[in-house]
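Participant: Okay, here's the structure, questions in a sec.
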Amino acid sequence: MALIDGLPPLREVIETHGLVAKKSLGQNFLLDLNLTSKIARQAGDLTQCDVLEVGPGPGGLTRGLLAEGARRVLAVEKDSRAMAPLAEIAAAYPDRLEVVNADALAIDPLERLTAPVRIVANLPYNIGTELLVRWLTPAQWPPYWASLTLMFQREVAQRIVAQPGSKTYGRLAILSQWRTDARIVMELPPEAFSPPPKIHSAVVHFTALPAPRFEADAKTLERIVAQGFNQRRKMLRASLKGATLDLEDKLIAAGIKPTQRAEEVGLESWCALARAIKATA
Ligand code: SAM
């Protein structure tokens with residue numbers, strides 16, 4: 001395996017530091033530095049950017065990001081066993097890697113980052129969707145990040161890019177496609193990881209749009225989409241019951257038939273419905 005830096009191979013790092021993968025932390029490590037560099041390249045030009053990485057573990061992706069020229073990487077890792085190997089990487093790349101030993105769900109890394117920011121992560125699968133939803137629903141748009149390049153279970157990646165009429169189309173597709181350009185840029189088989197997970201994985205690259213594709217109040221849109229897809233097989237006149245006064249009139253005003261189901265309604269119509277509801281709220 002070709003090394004991209006003067007540091008030891010990842011298998012050796014894991015052995016030296018006794019970093020036996022823990023299932024509870026969603027630890028499936030990438031050990032091929034050519035592959036981690038390839039993932040880092042999917043994030044675009046990093047040379048002028050700060051990168052936020054969640055869950056660096058033994059640092060395979062971190063090394064890829066630094067080797068690809070990231071101006072600075074801020075890496076947030078919950079497992080204190082990973083601090084020693086990450087400190088070795090920080091020493092090899094002076095002033096370019098800061099490591100925080102914390103739960104990514106519990107801290108706000110914003111004050112440690114300088115724009116432009118790209119977020120790149122091989123996420124722990126148990127918190128991946130929750131982190132994504134947080135990044136997609138900030139208090140203000142545009143968000144502090146310019147792009148997200150994230151590894152998910154392939155099934156979650158398919159939900160993100162799904163179109164109306166497909167079984168996987170739902171809240172994640174609408175939240176993602178409303179204000180970002182989201183594309184699956186790589187697929188990875190279980191053998192790419194150690195230990196191999198049971199599922200296939202995929203990398204999704206999201207670019208933040210300067211403004212939403214269609215105007216809508218974020219809270220209203222999030223609320224009706226969550227309610228509508230909660231009972232996705234029901235007609236909207238039933239699944240959105242109680243969401244607003246004069247529901248059927250507003251559905252019709254938005255160009256939606258009250259007998260349609262959530263999964264048949266495109267993003268533009270969801271936004272039109274959010275506007276019709278907000279206008280009388
Ligand atoms: N980035 C490494 C790689 O690609 O080989 C490791 C990826 S592994 C799928 C997920 C990493 O996230 C693990 O190192 C795990 O310890 C870390 N992690 C799990 N939960 C976390 C949390 N709440 N906050 C920060 N890191 C977490």
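FYI, residue positions are counted from 1 along the chain as it appears here.
Glycine is treated like the rest: Cβ placed from N, Cα and C.
Reproduced below are the annotations present in TrEMBL:
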- Asn28, Leu30, Gly55, Glu77, Asp103, Asn122: S-adenosyl-L-methionine binding site (BINDING)
- 35-210: domain 'Ribosomal RNA adenine methylase transferase N-terminal' (DOMAIN)
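Context for these features, please: burial, neighbours, distances.
Facilitator: Sequence-distant neighbours of Leu30 (S-adenosyl-L-methionine binding site) (same chain, 6+ apart, CB under 8 A from its CB) are Leu10, Thr36, Ile39, Gly60, Leu61, Asn122, Ala192, Phe193, Ser194. According to DSSP, Leu30 (S-adenosyl-L-methionine binding site) is assigned to a strand segment.
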Participant: Going by a 10 angstroms cut-off between Cβ atoms, which of the binding-site residues Asn28, Asn122 has the sparsest surroundings?
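Facilitator: Counting other Cβ atoms within 10 Å of each of the binding-site residues Asn28, Asn122, the minimum falls on Asn28.
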Participant: Find the longest CA to CA distance in the recorded S-adenosyl-L-methionine-binding set Asn28, Leu30, Gly55, Glu77, Asp103, Asn122; express it in Å as a whole number.
Facilitator: 20
Participant: Relative to the Cβ position of Glu77 (S-adenosyl-L-methionine binding site), how many further Cβ atoms are located within 10 Å?
Facilitator: 24
Participant: Across all chains shown, how many C-beta atoms besides its own are within 10 angstroms of the C-beta of Asp103 (S-adenosyl-L-methionine binding site)?
Facilitator: 11
